[in-house]
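These come from TrEMBL:
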BINDING   A:10, A:11, A:12, A:13, A:14, A:15  NADP(+) binding site
BINDING   A:100, A:124  NADPH binding site
DOMAIN    A:156-327  domain 'Homoserine dehydrogenase catalytic'
BINDING   A:208  L-homoserine binding site
ACT_SITE  A:223  active site, proton donor
């Protein structure tokens, strides 16, 4: 049995879902992969809990869920005031897992790589703005830098493009990559106004209190940028065109319906050209997804069209991608 | 630039399609991966052409296509009478590519592994009957044993199950894995009898002269066996239940149609239980594929349902899987 030491940075919804999977399935992973995943530090915005022997994840969840912050933990554990940059430098882990929304996380991703640590991330902006630097630093140091959960939650489109189809050239990807906009558009098809649909999404926890990331297409844009980096060459979010769904009218929804079509926020990704915008989709198209499903149609020179479709949101669905990457990173590092 | 020496065993349709991709895209692979794939031997049933400096694949294709056998090659090349077992022992290659239909190929796969060579195969029976031995020999020796093209041609369902979803447990797979039966059933829906549809498939080269492998469900059964090995644990083809489409009547086809359904040869794969048989599928199901498309619905504990759909047959589509695996094996060996 080989032990791998992990720092978990971020203990919000995705971080806690990841911890739950590690609690429930840790034993199974030991049997299946011969690897014990030992979380030795957890950081949230209140501080960093760090225990070199490993943290009891059940207790960490209890503290967080009862008190809302890790710094409330006072019995056996030391809570340190460390920035993420300090944490990745000081904590002796082998893999750093970023499940934050920190837009500037790329700085401490780079720091972690320079310290010889692998990275697993569900956090999109580092890749959407700094793909080239991060991947080349990781390659130079032969360290894993894995990001399955950044696009389509755990549905393995990143693994598919990054580690498979090695003889194919991708010609085009068309994809629906944001579930919140799908929910809002579906509700509008049922007669709600944009504002009503958005309010419903917020009430159900599908949209955030500040919904701009989803509604303006930024989230889908980040993901489309990452897919372009994988399929073609590194670009940044600034180089793509994005129009969200805020201006989609009830009239447009109706017109699409009468033509047997449906409007979805579609990303079209070609070499050097990425456009994210609302588009009419035939009802029978694989992109006419419902609920929290995402879908991508990947066209390549040898294979033709390949469709991958699955969960694009959800906590355990996102944790699926994070945990798969942690295991993958661990298997490469042992 | 690192060179990797490859033995190509089999020079039928898939072998030649593979050679064509290597000719057309070899330069690109050198740039992209820093690897030169050098085929130093090619075997067909007439003999083995072997040149330690590397074979001119263009010439090999010309000889094969003009004379039907490699042993007709008499100018610069030596043609040896070697069994595949002798070829993998004597030829100094690093990767052996099996694109034959040799049912007993597992013996020389094992031999190749024992000689320290990696394997890439599109040949199904070795895996459908000897998965456990072959994979454990490869793991013991830390050699690649790759078989993307055995299931769904180059559509990367093998890579998806083998190298991704590492934190998920698969609960069930439902899949349509044989394109010839889909063609025949589609033709029957258009009014042809089974015999007429089969004759048409044979005329178009979709079904073989001896169509039993497809029609009796053996091909789909091999693939379903391999998927079970990947998703659960090793089994053999003898342990699964297979019923082909030879007994599907025009009446059954009609009855399905009136219910808005379609009959396809469906593989249902659960832990310890694999059944391949004709089944009624709703028209809107992802399994209601047309033409040469295959589809699989993979249900897991964390992700829920994941759908992958793409080419399940075709020469360059199969070569896509073989070539991707050759590159993957080369990247691991360098």
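Cβ coordinates are placed from backbone N, Cα and C, and glycine is handled just like the others.
TrEMBL entries are annotated by machine, without manual review.
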Provide, as an integer number of angstrom, the distance between the C-alpha atoms of residue A:14 (NADP(+) binding site) and residue A:223 (active site, proton donor).
17
Neighbour count, 10 Å Cβ-Cβ cut-off, for residue A:100 (NADPH binding site): what number do you get?
24
Set of same-chain residues at least 6 away whose C-beta sits under 8 angstroms from residue A:15 (NADP(+) binding site):
A:8, A:42, A:44, A:99
Restricting to the recorded positions A:10, A:12, A:13, A:208, A:223, which ones have a CA within 10 Å of the CA of residue A:124 (NADPH binding site)?
A:223
Just give me the nearest neighbour of residue A:12 (NADP(+) binding site) among the recorded positions A:100, A:208, A:223, Cα to Cα.
A:100
Residue A:13 (NADP(+) binding site): which of the recorded positions A:100, A:208, A:223 is the nearest Cα neighbour?
A:100
Report the same-chain neighbours of residue A:11 (NADP(+) binding site): residues 6+ apart in sequence with Cβ closer than 8 Å to its Cβ, ordered by sequence.
A:19, A:42, A:43, A:44, A:60, A:64, A:70, A:99
With DSSP assignments reduced to helix, strand and coil, which class does residue A:13 (NADP(+) binding site) get?
helix
Cβ-based isolation winner (fewest other Cβ atoms within 10 Å) among the recorded positions A:124, A:223:
A:124
Cα within 10 Å of residue A:100 (NADPH binding site) - qualifying recorded positions among A:10, A:208, A:223:
A:10
Note the mean pLDDT of the domain 'Homoserine dehydrogenase catalytic' (A:156-327), expressed as a whole number.
96
In which DSSP state, out of helix, strand and coil, do we find the residue listed as 'active site, proton donor'?
helix
